[in-house]
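> Swiss-Prot lists 28, 47, 56, 68, 71 with the feature N-linked glycosylation site, giving sequence analysis as the kind of evidence. Residues or ranges marked as transmembrane segment by Swiss-Prot: 99-119, 131-151, 184-204, 212-232, 274-294, 318-338, 351-373, 378-400, 413-433, 443-463.
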């Protein structure tokens, strides 16, 4: 194994690689706030979501009809000065899922190109484009729903470039025994960003109007881009500020997995590799439920618990405190179990995958039965994202174990499977809750639990953690 190089390990939390993890944390924070901004703003943009009884109304109803039924709510959070749109739940589902269409379009090519041209430029450019499009979202909404869908799709393409490039960087910066820790610090930015945007988004909408949600977090993204291009380098060998000790530690730790000169990607071997399909099915299942929670949580709390936009945002943010905490703690625990040789690598991956798929499924199944209990509902909603993020130390980073040389490319494919699940679940959720709010939400959560169980069984059956034969060095590759 690769434990020996760690004997001359450089200091961890004062090291450049942990600084890189923090900057990537901020980048993930920025991208998720830009993605989730619409989920909280739409409560004010489409005042129908404030009134659960209006889910079945036709989109042809005149706007005056909507104002008559929600005049007090509009005055309450001061959206009378900004536009209110007639978007049905089905239309909202399409808008929510459109960003996933864009991400899918760029995940695989950007993962491949990041390995050629460098992840720094790929990720930075994606973050910049996403930030600029966020700033223009309020303007495009006035020109119609089609343009909003187009903008969100292009924004998804930009974020797909940014998401995928991260694993190219970690393949060169993360020592094997620190992978869970470093990637969990970086990945927790998404959970923390969800917490912040959902917590303050409603307050911003109430105080300044919903367009300022996009203006503020789009501007933060532009600042993050400046930091990214200034500090980040593709690998430790070329960073001007890294210490010799840390550079030697990283290089020696990765020596057994270093890439030989780049060749064509062994697509046929990948397609026939069941451990890879186990990872893909894990992503599909995980993203199905996570997309529903991230996208529809404010709407669920608003329509089922009957709270206003400010309280809906604050309540929606609470689950992501648990998510960020579980991501970091899960990474620490996984690396502890590995460094002390308490469990084998595959056992750790399957343990955290099991916890991350089974526990949120149980909570989701229980939700429809406790809808009358405000406190119990909130507790379960907090537990779903928290326990789900334990997967970050399971199959989420499993590509770094089975094929580190192709980690970025395979991460693109993995996220592609996850985003296909997100598109289906977002659209299906919009359709189900438009038919009947009560039974619709019950069917949404039951279906999500079933998908999670399928992914868990598949991963437990076929998941592995050894480097696959087609991903090894030249002497072991096919003729």
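Every residue gets a Cβ built from N, Cα and C, even glycine.
Quantities reported herein were computed from a predicted structural model and do not represent experimental measurements.
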> If you draw a 10 Å sphere on the Cβ of residue 28 (N-linked glycosylation site), how many other Cβ atoms land inside?
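So the number of other Cβ atoms within 10 Å of residue 28 (N-linked glycosylation site) is 24.
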> Any residues 6+ beyond the ends of the transmembrane segment (99-119) with a Cβ under 8 Å from its own?
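Those are 35, 126, 152-161, 163-169, 234, 262, 265, 291, 408-413, 415-416, 419-420, 422-423, 426, in sequence order.
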> Looking at the stretches 184-204, 212-232, 274-294, 351-373, which one shares the most CB pairs under 8 Å with the transmembrane segment (443-463)?
274-294
> May I ask for the residues of the chain that lie six or more residues beyond the transmembrane segment (184-204) and have a Cβ under 8 Å from a Cβ within it?
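Residues packing against the transmembrane segment (184-204) from afar: 18, 21-22, 24-33, 36-37, 39-41, 43, 77, 166, 170, 210, 212-213, 216-217, 294, 297-298, 308-314, 316-321, 323-324, 327-328, 330-332, 385, 389, 392-393, 396.
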